[in-house]
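Okay, so here's the structure we're looking at.
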Amino acid sequence: MVLKKLANEKDLKLCVVMVGLPARGKSFISQKIVRYLSWLSINCKCFNVGNYRRVLGVDNPKYGFFDFDNLNSYNIREKALKLAFEDMLSWFDDATDNKVAIIDATNSTRERRNWIIENCNKNNVHPMFLESWCDDSETIMANVKDIAITSPDYDGMDEKLAEDDFMKRIENYQNVYSTLNTTDDKDVTFVKLINISHEIIINKIQTYLQSRIVFYVMNIRIKPKCIWLSRHGESIYNVEQKIGGDSSLSERGLKYASKLKSLIKENVASNDEQNLSVWTSTLTRTQETAQYLPYKKLEWKALDELDAGVCDGMTYEEIEEIYPEDFKARDEDKYEYRYRGGESYRDVVIRLEPVIMELERQENVLIITHQAVLRCIYAYFMNVPKEESPWVSIPLHTLIKLEPRAYGTKVTRIKANIPAVSTYKEKGTSHVGESSSAKGSHNLLVNAPEINQN
Amino acid sequence: MTSSNTAMDNQDAKQSKENNTNYMARTTKRWVEPGIRLSPKHSNNGDAVHEPVFDVEDFISPGQLYSTESGCLFHAGRILIVLVGLPATSKTLLSVAITRYTRWLGVRTESFHLSKYTKTNTNIPSFLSDEFSTVEGAEFKKEIINKVTNDMIKFFDNGKGQIAIYDALNIRKSERADIKKTFENNNVKVLFVESIVTDPNLMTKNIELAIQSEDYKNWGKHEAIKDYTRRITDNESLYERMSPIEGVSYIKYLNFGERIIMNNTNYGYLVNKIVFFLMNLSNKQGCIYLSRCGRSDSDKYTDDEVLNEEGLKFSEILTKTVIARVKEKGLERKKKAMEFNKNSKDTSVTADPSVNNDDNLNSDSLVVWTAERKRTYDTAKFFKEHGFDVRKRSQLKQLHPGVVADMTMDEIKEKYPNEVEEYERDPYHYRFSRAESYHDLAVRMEPLLLELEHMHNDILIIAHESTLRVLYGYFMACTSLEVPTLDFTRHQLVEISFNPFNNVVTRIPIDI
């Protein structure tokens with residue numbers, strides 16, 4: 001009988017152990033999991049063994065360092081793993097809410113993996129191995145190029161030389177690499193993604209949390225891509241300072257809609273343009289904003305604006321007057337506050353699940369949606385803590401380009417230079433509009449490169 | 001209204017006058033406006049997982065996040081899930097479980113069991129090897145396959161259906177290719193789910209279940225086992241296992257989720273969500289028991305009181321009732337296993353009578369989950385004294401009643417007449433100020449539902465009535481209209497037991 005006793009275990013700590021050759025997207029996947037789980041309010045932290053090796057003084061190792069016959073360097077690498085592991089254990093001890101840790105390293109030998117299993121068992125941590133296996137040279141080369149440019153190991157090195165060195169490093173790993181398989185590892189909890197999820201092997205999943213992580217990584221594609229975000233153009237309700245509704249665009253909003261086409265054309269690489277698809281909500285203002293775009297379009301109910309319930313169609317001043325308690329409660333905990341008959345930010349995050357999963361699977365998508373929904377999506381890609389996410393400033397008539405990378409998401413915002421009202425409401429006031437202080441910690445777009453489009 | 005409309009152009013202003021004031025109101029609510037509300041269809045104890053959904057206009061299920069006008073969700077298109085596998089590989093159970101879960105999410109799913117079609121013709125033995133030796137048999141097979149295929153096509157074309165699950169052996173490559181062609185021509189994606197059982201205990205359990213079915217109604221146990229194991233061996237030689245060479249999308253499901261292999265299944269969210277579910281589904285031996293907590297002095301939402309004497313008494317009797325019932329069921333299983341072994345003598349299958357059904361219950365065979373409130377947790381105190389594992393689960397927290405906490409319905413009606421009117425229109429989705437709706441509760445309990453799917457042995461859940469309604473609603477496939485009306489009294493322990501075809505509720509009296 002298949003007994004799944006773990007399902008009822010208390011305070012289970014989970015350690016996701018990455019497995020795979022260099023340039024298989026391990027760090028990328030690790031960071032993705034951290035962002036996704038944090039977004040769902042599950043505490044998660046990644047421990048990158050390479051960083052510990054650098055702490056031990058090996059900053060720019062050449063490929064020879066990764067020769068497994070080189071005993072000296074092998075010991076250093078082993079020490080780095082142990083340091084990472086110790087840090088992980090103390091992080092677990094810090095708070096009972098610290099639930100998921102990720103050990104990001106190649107972990108390519110069975111010997112190493114056994115060491116991890118043994119030490120996890122000793123410390124009541126449950127390991128789950130996550131292997132990214134890939135023999136598609138195109139994907140691998142794209143990753144190699146990316147690492148040669150971005151990895152701290154190759155700081156200041158010529159790109160071409162870095163690539164060559166990295167290829168040799170991979171070779172060194174290849175000599176000792178043993179992939180997870182269903183014979184030797186049949187009793188181990190593991191997931192193996194083969195060639196970007198063309199085939200996936202899921203073995204001995206034992207808890208809900210594990211299954212949730214697997215469900216998520218099934219959707220991840222490690223190919224580089226761009227996500228484009230835009231609010232709808234300025235709507236009549238925006239001008240009237242009313243929230244919600246299903247109004248049409250204002251004159252200026254319509255201008256943005258017609259400019260959006262050229263804005264995209266000028267900024268999207270031509271290869272990407274061919275397979276660009278546009279997702280809108282089911283509300284009029286997003287569809288009007290997308291009307292001139294010559295791409296495939298999908299309407300998502302899940303992208304509809306946060307439902308303001310009884311407050312739909314009111315101005316913030318009216319809400320403050322009619323529902324003063326609600327108004328205050330919302331400012332105090334904007335993430336959890338639910339409008340009467342409506343939704344909270346948390347509710348929106350939950351209903352966005354299908355959109356986020358599909359988004360991970362797709363290559364290039366432009367999402368035209370609403371302020372609160374965009375804040376949630378933005379928080380997901382940028383790892384914005386949930387207390388801050390409802391306060392992120394996302395101005396109208398601005399196209400946001402996101403490029404998810406292994407160590408973070410690159411943001412570019414492209415202003416259409418068409419004036420629009422501000423719909424940003426600061427804490428503690430019913431006035432809308434961004435004061436200079438609002439551009440402080442909440443405005444996470446401020447540090448991003450900005451392009452003005454004329 | 002103080003706002004000035006300076007930026008609004010003339011045309012808009014005109015339009016605004018013509019259409020009155022609310023021309024820009026949000027008309028597309030999260031829920032498609034209900035048409036004619038269907039009254040709850042099935043009575044108290046039935047599992048509604050087989051009730052048709054395709055002709056229901058306003059199908060909104062409890063776990064659904066939003067509804068769309070097309071009736072389809074997640075841009076997933078229409079999907080046919082074709083089960084593949086020998087007899088006794090839990091195909092029926094899988095198809096019913098996927099139906100239950102996806103319907104809970106709001107997807108219009110229906111399972112089509114080929115075995116139901118064979119029963120219409122009693123002259124032909126129900127024995128359905130994949131290749132009939134006689135002409136008559138082959139004709140019959142062709143006929144029923146046509147029939148089920150047509151029904152599935154109808155389900156997609158006429159009835160807003162999104163997922164159909166085809167439950168039959170489908171062990172021949174050629175058969176699978178035919179199905180794929182037919183449905184892809186109808187613009188339906190086809191996904192194969194191959195169930196493989198190598199674990200002998202699982203296999204035995206499946207055979208035990210099979211010989212209790214209608215097919216073997218008037219058979220002797222020994223003959224039935226013999227016949228059924230012959231069905232398996234006969235088909236084994238015809239079985240062509242799925243592999244990448246076949247060039248189709250498939251999921252291999254080994255020993256009830258011990259291993260899952262997905263091949264070329266780039267179908268998106270909905271299929272991945274089903275795999276997510278399959279990772280949690282387990283082969284259930286035990287039951288789920290639902291009970292309310294004992295009473296406290298004032299039984300108020302706002303206080304976190306401890307149990308009073310009556311409550312303690314209740315807890316004691318509840319503990320006795322549950323333990324007696326679990327023991328009884330364990331003995332029954334043991335007896336059955338021994339009887340099975342007697343009857344399966346000259347076959348290769350044996351049941352293991354010692355699996356988790358000792359006379360003495362151990363801490364693995366029953367666990368107790370409670371909400372975090374004192375009176376709920378305390379209701380489990382005698383279980384703790386007996387050495388059972390008792391866990392507080394925050395997700396079991398009762399529905400937050402908001403401003404109407406601790407008010408009687410009359411008081412609420414007096415104070416919030418308009419709200420009550422709205423509540424009565426949609427008691428599942430409506431929430432009073434600061435309150436949670438049943439829908440909110442169902443969404444927040446999702447992790448718990450999947451954890452429950454994961455449990456193998458008996459579990460008792462002690463919680464507030466609102467929470468029990470949602471749990472019951474999931475396992476018995478209730479509609480969102482029914483969930484708020486379900487009744488749980490302190491005089492009954494509700495037992496949900498699991499069968500491949502449907503779940504069964506037994507109400508056990510608690511004598512207080």
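Each Cβ is built from the backbone N, Cα and C atoms, and glycine gets one as well.
Automated prediction, rather than curation, is the source of TrEMBL annotations.
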Worksheet, complete the sentence: From candidates A:ARG169, A:ARG212, A:ARG285, TrEMBL puts in the same substrate site as A:ARG231, A:HIS232, A:GLY233, A:GLU234, A:SER235, A:ILE236, A:TYR237, A:ASN238 the residue A:ARG285
Response to the item:
For A:GLY233 (substrate binding site), the three-state DSSP class is coil
Fill in: Subset of binding-site residues A:ARG231, A:GLY233, A:TYR237, A:ARG285 within reach of chain B (CB-CB under 8 A)
A:TYR237
Worksheet item: Which residues in the same chain, at least 6 apart in sequence, have a Cβ under 8 Å from the Cβ of A:SER235 (substrate binding site)?
Response: A:GLY245, A:SER247, A:SER248, A:LEU249, A:SER250, A:GLY253, A:ARG285
Worksheet item: Non-local Cβ contacts of A:GLY233 (substrate binding site) (under 8 Å, 6 or more apart, same chain)?
Response: A:LEU249, A:SER250, A:ARG252, A:GLY253, A:LEU254, A:LYS255, A:TYR256, A:ALA257, A:LEU260, A:ARG285, A:GLU288, A:THR289, A:LEU396, A:HIS397, A:ALA420
Worksheet item: Which value does the mean pLDDT take for the domain '6-phosphofructo-2-kinase' (A:7-224) in this predicted structure?
Response: 91
Discussion item. With an 8 Å cut-off on Cβ distance to the A:ARG231, A:HIS232, A:GLY233, A:GLU234, A:SER235, A:ILE236, A:TYR237, A:ASN238, A:ARG285 Cβ center, who else from the chain surrounds the substrate site?
Written reply: A:VAL239, A:SER247, A:LEU249, A:SER250, A:GLY253, A:THR289, A:LEU396
Discussion item. If the substrate binders are A:ARG231, A:HIS232, A:GLY233, A:GLU234, A:SER235, A:ILE236, A:TYR237, A:ASN238, A:ARG285 per the record, what's the largest distance between their Cα atoms, in Å?
Written reply: 14
Worksheet, complete the sentence: A correct count of other C-beta atoms within 10 Å of the C-beta of A:ARG285 (substrate binding site) gives 30
